[in-house]
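Engineer: The feature NAD(+) binding site is assigned by Swiss-Prot to Gly10, Ala11, Gly12, Asn13, Thr14, Gly15, Asp34, Asn98, Leu121, Thr122, Asn123. Marked as substrate binding site by Swiss-Prot: Arg85, Arg91, Asn123, Arg154. Positions annotated as active site, proton acceptor by Swiss-Prot, on the basis of sequence analysis: His178.
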Amino acid sequence: MTKKKISIIGAGNTGATLAFIVAQHELADVVLIDRPDNEGQVKGKALDIFESSPVYGFDAKVTGSVNYADTADSDIVVITAGSPRKPGMSRDDLVQINEKVMFDVTKEIVKYSPDCKIIVLTNPVDAMTYSVLKASGFPKERVIGQSGVLDTARYQSFIAEALNVSIKDIRGLVLGGHGDTMVPLVNSTNVNGVPLHQLLNQTQIEQIVERTRKGGAEIVALLGNGSAYYAPASAVFEMIEAILKDQHRLLPSIALLEGEYGFSDICLGVPTVLSEKGIENIVELALSDNEQAQLRISADSVEEVKQALKNQ
């Protein structure tokens, strides 16, 4: 069987961490790409990961490069490149800076890997996913944004912490835009089948929801310089694994909506089934009136950022 190939654009903390996780699990060979002025950094990080292979016992190949030709025939390309989020900076502030990065990177991806799936991480990720989709000309199932897996992981971890129970027993989903208007689906959240509202009071639940919405900003403030990368990289790994192994996982992803949930021509976080096709299908849940109203607010917020894109 031909070994799979994953290319990661951007060798910052998230990109390098993702490369390490993918290699460690022998999911695919990895090509880590960065700008020419970062050639030493990207090659050094790739070499460092390779030198850990005897310890972990993996045979995946990890290559650091500044040449997009090395990404040729990738099965999946992950975009992490872009301006980082800084303290006090909203994701929306990044839209003008990162749209051009998405355009330039996408043209290289299409040139060398015309049949790949693209996963976008660059913030503001809902708008950047839309930008990449338009720039690529790919069918909508092959361009996917990452936010929901990460936001859901944060939501679940905060619940497990509050209840002092195993993270393995927490079930829940977070939909909507990747920002302050995201929508944790509290009504369907449960702990091994027990509804969350039977275990926590309304005030406790609201505190967890608010902390989830501010999860990225909390880490940015604590770090002082930079943003989260362990959890984001882990979230992308889960998506990559679902696609490469054709697992048909139901995971929240950013997808282009064409009438689902009442929205069109917008990329938004919704429940999706991920398979070797990319997005196999979008799952439409029966939301409560309050959840649907919150999702509308979130979609409006994403649309506002999308309107700032120069190429819609």
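Cβ coordinates are placed from backbone N, Cα and C, and glycine is handled just like the others.
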Engineer: Which residue, out of the binding-site residues Gly10, Gly12, shows the minimum number of other Cβ atoms inside 10 Å of its Cβ in this structure?
Structural biologist: Gly12
Engineer: Counting only residues 6+ away in sequence within the same chain, which have a CB under 8 Å from the CB of Asp34 (NAD(+) binding site)?
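Structural biologist: Those within reach of Asp34 (NAD(+) binding site), by Cβ under 8 Å and sequence separation of 6 or more, are Ile9, Gly10, Ala11, Gly15, Gln41, Val42, Gly64, Val66, Ala81.
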Engineer: Within 10 Å of His178 (active site, proton acceptor) (Cα to Cα), which of the binding-site residues Gly12, Thr14, Asn123, Arg154 do you find?
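Structural biologist: The binding-site residues passing the 10 Å Cα test are Asn123.
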Engineer: Reported as an integer number of Å, what is the Cα distance between Asn123 (NAD(+) binding site) and Arg154 (substrate binding site)?
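Structural biologist: Each residue's Cα considered, Asn123 (NAD(+) binding site) and Arg154 (substrate binding site) end up 17 Å apart.
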Engineer: How many angstrom lie between the most widely spaced Cα atoms of the NAD(+) binders Gly10, Ala11, Gly12, Asn13, Thr14, Gly15, Asp34, Asn98, Leu121, Thr122, Asn123?
Structural biologist: 17
Engineer: Return the single residue from the recorded positions list (Arg154, His178) that has the minimum number of other CB atoms within 10 Å.
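Structural biologist: Each of the recorded positions Arg154, His178 was scored by Cβ atoms within 10 Å; lowest is Arg154.
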Engineer: In whole Å, note down how far the CA of Arg154 (substrate binding site) lies from the CA of Thr14 (NAD(+) binding site).
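Structural biologist: It is 16 Å, counting Cα to Cα.
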Engineer: Determine, to the nearest whole angstrom, how far the Cα atom of Gly12 (NAD(+) binding site) is from the Cα atom of Arg154 (substrate binding site).
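Structural biologist: With distance taken Cα to Cα, Arg154 (substrate binding site) is 22 Å from Gly12 (NAD(+) binding site).
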Engineer: Long-range same-chain neighbours of Leu121 (NAD(+) binding site), Cβ under 8 Å, sequence gap at least 6?
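Structural biologist: Result: Thr14, Val78, Ile79, Thr80, Gly145, Gln146, Pro232, Val236.
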